[in-house]
Amino acid sequence: MTITHNLGFPRIGVQRELKRALEAYWSGAQSAQDLEDTGRELRARHWKLQAAAGLDFVPVGDFAWYDHVLEWTTLLGAVPARFAQSDREPVALDTLFRMGRGRAPTGTPAAACEMTKWFDTNYHYLVPELVPNQSYRIARRYLFDQIEEAQALGHRVKPVIPGPLTWLWLGKGDAFSQGATDPAKLDLLDNLLPVYQQVLQQIKELGVEWVQIDEPILGLDLPPAWQSAFKVVYKQLAQAGIPILLATYFEHLHENVEVLNGLPVQGVHIDLVRAPDQLDDVLAVVSDEQVLSLGLIDGRNVWRTDLDKARALVETLAVRRGDRLWLAPSCSLLHVPVDLDAEHELDAELRGWLSFATQKLDELAWLADSLSTIPSSTSQTALQRQRLALQGRKDSGRIHNKVTQKDLVASADLDRNRAPFAQRILRQQEKLGLPAYPTTTIGSFPQTPEIRVSRRDWKSGALSDSAYQAAMRKEIEHVIRFQERIGLDVLVHGEAERNDMVEYFGELLGGFAFTQNGWVQSYGSRCVKPPIIFGDVARPAPMTVAWSAYAQSLTEKPVKGMLTGPVTILQWSFVRDDQPRETTCRQLALALRQEVVDLENAGIAVIQIDEPAFREGLPLRRADWSRYLEWAVDCFRLSTVGVKDETQIHTHMCYSEFNDIIQAIAAMDADVITIETSRSNMELLAAFEDFQYPNDIGPGVYDIHSPNVPDTEWMVALMQKAAQRLHPQRLWVNPDCGLKTRGWAETEAALVRMVGAAQALRYT
Ligand code: GLN
Ligand code: ZN
């Protein structure tokens, strides 16, 4: 009999119960006991759901108050010194929260740990801080407590923990200047492995049969020192005497498959959704005695699985391996919404194509059952229903848009080139007449409660179209007058009409669907609700032109049109799985190109296409980078080059490093790029300097994530640093990012000083 298991279930709860409980606890409205109760309820509910679906093992250790990496870091007692943790006491929950967010109901506030993206997902983990000779100990008991909690509820459990090599790889420390790959980190294993062994022994003493150890770094380019460390590490962990399932996901193992050869673990999990063609390579190194766990249900996307295809892939293996074949989702279900049944507004046809975490458990159970000698009628009926739904999806008129497909074919011949920058910029300067060090902002102005209320009431129907129009126009007029008064050079309309930079466009484009409760954890208590791109993208009507044109009608100064770029829309949505990402991105680019041309025709002389997610779209493996960059750059150019030379194209990126992608950034050929740099003290500009980046740049002069108002002198000094690296004629002055999360008081104060800084620079 094939065994089924899960690598992790979303922890937030279908109604975001965990978010609410956390925020209530942080604000003092609820006690620690209330929070603990919510956590216990959620765990019990999720285990029950998984067991009821028929899974043989439920995961334990996937629950986290803030982040599962942070849970593990605190269990190991790896608490940075600034949090004043005694090395004898257990780590308190509030210490974990202080590490995650800088403060908690008790304890002294301290700088939070750094947060960064978890592999190529939109989930963020807290970066472990590594110190040479660090000592570790079991400093929290949550894992053991939760194992007992699940066992008491009658579940057969499989604890899930981050692997020592992945944990070290993700960690950072001043002493490890080579970054992720720094081989000096491996010296920490001497102290780390004994604690891992203790953990494994204690798990074993609880009567647990299997432990899953996650080593997703096996999907990355690993230096030889890291590859060979696996043998040493797992040999030592094997001594604890509990069977280990080594889990990999998110990528093809490629050459790292050799690491598995002879590795003393009892089982291996691989992701066959992302990399179906790695099965043969893995079969060649996994022995018949070892368990092979295959991830066949997509843990990263929301589509129903083609179960016939999955079944065909594993049928013979199931016979040959029996209970040494395990089936699972490709990775933890953390990355998909909890339950499709919480959606009441999706139409039946579309629902039939979708599967959220809860539905994926059923898919898994049906798949396993269909492999048994006498499949149950339930699974056979379910399979048949799913077959019909998927056939319906293939044939649906809602997916296929003839015009989009024709445009896509024709786009191969569309021009991707504008006149050289040196020529364009002269025409633009003639038209715009901007001073040296021109000032601008990134697009959004504070989203006040009144703005949010207007948008909400309009959506619910409580506010009429005309009343809503009037309210938004009032906001636009307000920000235009404000920007004129303080003397900014290139103005924006303020984005009051946008709830979110992707959702706003998705709602106006064809081929998108939205959920009511499709929340996915982004970090801590923060969740996002990504749109679902299900069909060919179309732009039935202009999306931003009326707002931008109205803003422009109020002033003599140029107002920037403001769009979200194709790559960012793609990255922050659930994307269709029936065509390459690249194709969907091109469709988005074509829709945006129409918008860009319409903006130009409406008299907008400066158009910004935001691409904050450009870098995060990079594949996990270097070998795949150039292909991605090629189409990503092409999509950006496709969306921008429809305009005249004198129309100025801006782009904006934040949270990016540019060193290794500077060539692609230059190939995008935006006239102006504004980037987040203030926190790096202009260090990020080194890449532009070394490359001799030719076009205009606006390095952000202040961090919009902080309410602090920056000093004029400080901004001047930053710009002077920038001017040492780049030609002053090419420089713009602007904040790091949009201002939507700020209040008006600090926004006004900061921008007045920023304009002052630009003026000071012009006269020196
Ligand atoms: N134009 C957007 C804004 O100003 C850009 C947001 C972003 O870069 N994430 O809000
Ligand atoms: Zn930004």
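The backbone N, Cα and C atoms fix where each Cβ goes, glycine too.
Nobody curates TrEMBL annotations by hand; they come from automatic prediction.
Taken verbatim from TrEMBL:
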type     : residues                                                                   : note
ACT_SITE : His705                                                                     : active site, proton donor
BINDING  : Arg16, Glu17, Leu18, Lys19, Lys117, Asn122, Arg526, Cys527, Trp572, Glu616 : 5-methyltetrahydropteroyltri-L-glutamate binding site
BINDING  : Ile442, Gly443, Ser444, Glu495, Asp610                                     : L-homocysteine binding site
BINDING  : Ile442, Gly443, Ser444, Glu495, Asp610                                     : L-methionine binding site
BINDING  : His652, Cys654, Glu676, Cys737                                             : Zn(2+) binding site
BINDING  : His652, Cys654, Glu676, Cys737                                             : Zn(2+) 1 binding site
DOMAIN   : 4-318                                                                      : domain 'Cobalamin-independent methionine synthase MetE N-terminal'
DOMAIN   : 438-759                                                                    : domain 'Cobalamin-independent methionine synthase MetE C-terminal/archaeal'
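Only Cys737, from the binding-site residues Arg16, Leu18, Arg526, Asp610, Cys737, place their Cα within 10 Å of the Cα belonging to His705 (active site, proton donor). Counting only the Cα atoms, the space from Ser444 (L-homocysteine binding site) to Arg526 (5-methyltetrahydropteroyltri-L-glutamate binding site) is about 20 angstrom. When each of the binding-site residues Leu18, Ile442, Cys654, Cys737 is scored by how many other Cβ atoms sit within 10 Å of its Cβ, Cys654 comes out lowest.
The CA atom of Glu495 (L-homocysteine binding site) is located 13 Å away from the CA atom of Cys737 (Zn(2+) binding site). Long-range Cβ contacts of Trp572 (5-methyltetrahydropteroyltri-L-glutamate binding site) within its own chain (separation 6+, distance under 8 Å): Asn122, Val502, Val528, Pro530, Pro531, Ala613. In the three-state DSSP classification, His652 (Zn(2+) binding site) falls within a strand. Under the three-state DSSP scheme, Lys117 (5-methyltetrahydropteroyltri-L-glutamate binding site) falls in the strand class. Taken together, the residues of the domain 'Cobalamin-independent methionine synthase MetE C-terminal/archaeal' (438-759) have an average pLDDT of 96. If you take the CA of Asp610 (L-homocysteine binding site) and look 10 A around it, the binding-site residues you hit from Leu18, Lys117, Arg526, His652, Glu676 are His652. Surrounding the centroid of the Cβ atoms of Ile442, Gly443, Ser444, Glu495, Asp610, where the record places L-homocysteine, the chain contributes additional residues within 8 Å, namely Thr441, Val492, Met501, Met562, Gln608, His652, Cys737, Gly738, Lys740. With respect to their backbone Cα atoms, Glu676 (Zn(2+) binding site) and Arg16 (5-methyltetrahydropteroyltri-L-glutamate binding site) stand 31 Å from each other. The binding-site residues shown are Leu18, Arg526, Cys654, Cys737; of these, the one with its CA atom nearest the CA of Gly443 (L-homocysteine binding site) is Cys737. Cys737 (Zn(2+) binding site) and Lys117 (5-methyltetrahydropteroyltri-L-glutamate binding site) are 19 Å apart (CA-CA, integer value). With a cut-off of under 6 Å between the Cβ and any atom of ligand 1, the recorded positions Arg526, Glu676, His705 reduce to an empty set. With a CB cut-off of under 6 A applied against ligand 2, the recorded positions Ser444, Glu495, Cys654, His705, Cys737 are reduced to Cys654, Cys737. Of all Cβ atoms in the shown protein chains, 11 besides its own fall within 10 Å of the Cβ of Arg526 (5-methyltetrahydropteroyltri-L-glutamate binding site). Shown in sequence order, Trp519, Cys527 are the residues of the chain, 6+ apart in sequence, with a C-beta less than 8 angstroms from the C-beta of Arg16 (5-methyltetrahydropteroyltri-L-glutamate binding site).
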